[in-house]
Amino acid sequence: MSVNPVRGLLDSLSVLFYISSIFGVIPYSLWAFAKRTAIQLSLVGNVWVVGNLVVYTGLYHVATINYTKDDWGSQKTLTNAIGIFIIYMEPFMMAVDMVAGLINQKRLAQCFDRLARLDNHLAGEGVMVNNGRMRRYSIVLLLLMLLFEAIITVYSFVAFEEEFNAWSLIWFITTIPTALNSVCRIWYVMLVSAIRQRFNAMNAHMNAIAHGILHYKEQYAGEPDADIAEISLDYLEKEIFTVYTQRRKQLTVATPPKKTNANATTKVITVKPYQPKQPASPPLKPSVTSPPPPPHHNSAMQPWPAADAVGYGPAQEFLPTDRRLRPHIEQRLDNKLILFCRTHDELCEIGKVVNRMYSVQMLVAMAHGFVAITAEFYFLYCSLTQQEVPILFRTAEVFLLGLAYIVYTALKCIVPIFVCWRTKTDSQRTGIELHYLANAVDEVHCYEVVNHLSLKLLNHQLNFSACGFFDLDMTTLYAITGAITSYLIILIQFNLAAIQKSNSNSTIASNVSTTTMSVVEGVVTTALTTYVSN
């Protein structure tokens, strides 16, 4: 792991950064990143992005014209309109991504700086973030993009290109907009995953502290607490009962006893609560593996062995070294909990910035995915039923090719939605881990601090949406899947109705022509018979 967590985060995205800079997706200085592993604004990078945008758009149009040749008018007008919309939606999405990269280049650099400060603060509290996982995720996603692009482009070129020459290789230009769109989606997924990774690191650290404290209490060898030890309470009941009883003790100690009149005849009967009988000296838990201590040597007063210290994890710094002493955390955990609350707030703010940077792109990507998948499924059905497929949807003529296109387009919608949904749920789990830790500590001060911080966490709501039209979560994925299914059924029904109408029209035309021929033959026969008889 790198000493500087921020440098590790940028190093983990180095492959993605180089590819994005070379193809003009992000307008940063490639030289500064290669030399110092830093994000630096660059005028040359901005010019490079604009130039690539113009060149890619022009070459895509030329390649599309060369692919369709003169077959634009051979299909119905509505089918051509849908095909043109879907085909030119890809360079439009590329333009939106690249222009948004130019507009949000300062925001993206600020996001990395803010993540840098958060990683340094977390490292100071012993929470280390493994950025190597981000590197593996980015490389896997890039390899999947390369695999799908190669299958779709090469298979389409070999299957549908009639003349193989140097000019026909321009068809490979059509893969650039879709590939760059995928690279932008990978950037979005990596940023959201980085936020989620830090949420998980905080939650896991608090969970480890809680488990360490509970593990210590299981091995506790001192006097048990007579107030609560024999009462089975749930979490909320335990919190309320602990706070109430300890405050009552404080008020009892602070309030002096009232002076009573000596002549008063009122007799007060004191009733003590039931307390189970405790043995005179609670037995210590025997140790089978460890030898008995030497004379005049108390093993409980010595520091833990290395194996026991590892078992308590990050909770070791808050626990006493003598197992006969009850742990009193008190205010020693406050700074860590306050830091986690502030880190949670900062991560939510970074998530909101990322959402603002990519909300338009996600809206366009979801619209394109919905239309493209529905159209591809419909024309795949037409191909399987031996119907004519428009040239703009020729990929549907090959089942495996059409299926690969559907899976590739669906993944570009499903992966961002899934990552956003998991990040949102992990951010909400921080409050649960806070209360779980308070339940493990079981002290009034910790309960009060956690309850106060919980009110702040309620205002740290993290949500990802597409310009506010819909949230990027599993409910949206369910709605899109249902909409695709509904529209596909409607299109198939219209297709069946058109086929039935065409068959009925052809039958009527055939019957009319047959009747006409019969009448003509009858007239001719009558005329010939009359002529012969005369």
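Backbone N, Cα and C define each Cβ position, glycine as well.
Automatic, uncurated: that is what TrEMBL annotation is.
The transmembrane segment annotation in TrEMBL covers 15-34 (among others). Taking Cβ pairs closer than 8 Å, the transmembrane segment (15-34) reaches residues 40-42, 44-46, 48-49, 51-53, 97-98, 101-102, 105, 108-109, 135, 138-139, 142, 176, 179-180, 183-184, 186-187, 190 in its own chain, all 6 or more past its ends.
Among the features that TrEMBL reports, transmembrane segment is placed at 41-62 (among others). Same-chain residues lying 6+ beyond the ends of the transmembrane segment (41-62) with a Cβ under 8 Å from its Cβ atoms: 21, 23-30, 32, 90-91, 94-95, 98-99, 101-102, 105-106, 109, 170, 173-174, 176-177, 180.
Sequence-distant contacts of the transmembrane segment (82-104) (same chain, at least 6 residues past either end, Cβ-Cβ under 8 Å): 24-27, 46, 49-50, 52-53, 56-57, 60-61, 64, 75, 176-178, 180-181, 184, 357-358, 360-361, 364-365, 367-368, 371-372, 375, 390, 392-393. The transmembrane segment annotation in TrEMBL covers 82-104 (among others).
The annotation transmembrane segment is assigned in TrEMBL to 137-160 (among others).
Positions annotated as transmembrane segment by TrEMBL: 166-188 (among others).
The region 'Disordered' feature in TrEMBL is assigned to 272-304.
What TrEMBL lists as compositional bias 'Pro residues' is 279-296.
The transmembrane segment annotation in TrEMBL covers 362-381 (among others). Same-chain residues lying 6+ beyond the ends of the transmembrane segment (362-381) with a Cβ under 8 Å from its Cβ atoms: 82-83, 85-86, 89-90, 92-93, 96, 181, 185, 188, 389-390, 393, 395-396, 399, 402-403, 405-406, 409-410, 412-413, 416, 466-467, 469-470, 472, 476, 480, 483-484, 487-488, 491-492, 495.
Taken from TrEMBL, the feature transmembrane segment applies to 401-421 (among others). Same-chain residues lying 6+ beyond the ends of the transmembrane segment (401-421) with a Cβ under 8 Å from its Cβ atoms: 141, 144, 148-149, 151-152, 155-156, 159, 181-182, 185, 188-189, 192-193, 196, 362, 365-366, 368-369, 372-373, 376-377, 379-380, 383, 395, 464, 472-474, 476-477, 480.
What TrEMBL records for 477-496 (among others) is transmembrane segment. Proximity of distant same-chain residues to the transmembrane segment (477-496), defined by a Cβ-Cβ separation under 8 Å and at least 6 residues beyond the stretch ends, is recorded for 366, 369-370, 373-374, 377-378, 381-382, 387, 413-414, 417-418, 470.
Packing against the transmembrane segment (137-160) from elsewhere in the chain are residues 12-13, 15-16, 19, 67, 168, 171-172, 174-175, 178-179, 182-183, 186, 189-190, 193, 394-395, 398, 400-401, 404-405, 407-408, 411, 415: each is 6 or more residues past its ends and has a CB under 8 Å from a CB in it. Here the transmembrane segment (166-188) has long-range neighbours at 16, 19-20, 23, 25-26, 56, 59-60, 62-64, 66-67, 90-91, 93-94, 97-98, 101, 138, 141-142, 145, 149, 152-153, 156-157, 354, 358, 361-362, 365, 412, 415-416, meaning same-chain residues at least 6 beyond its ends whose C-beta is under 8 angstroms from one of its own.
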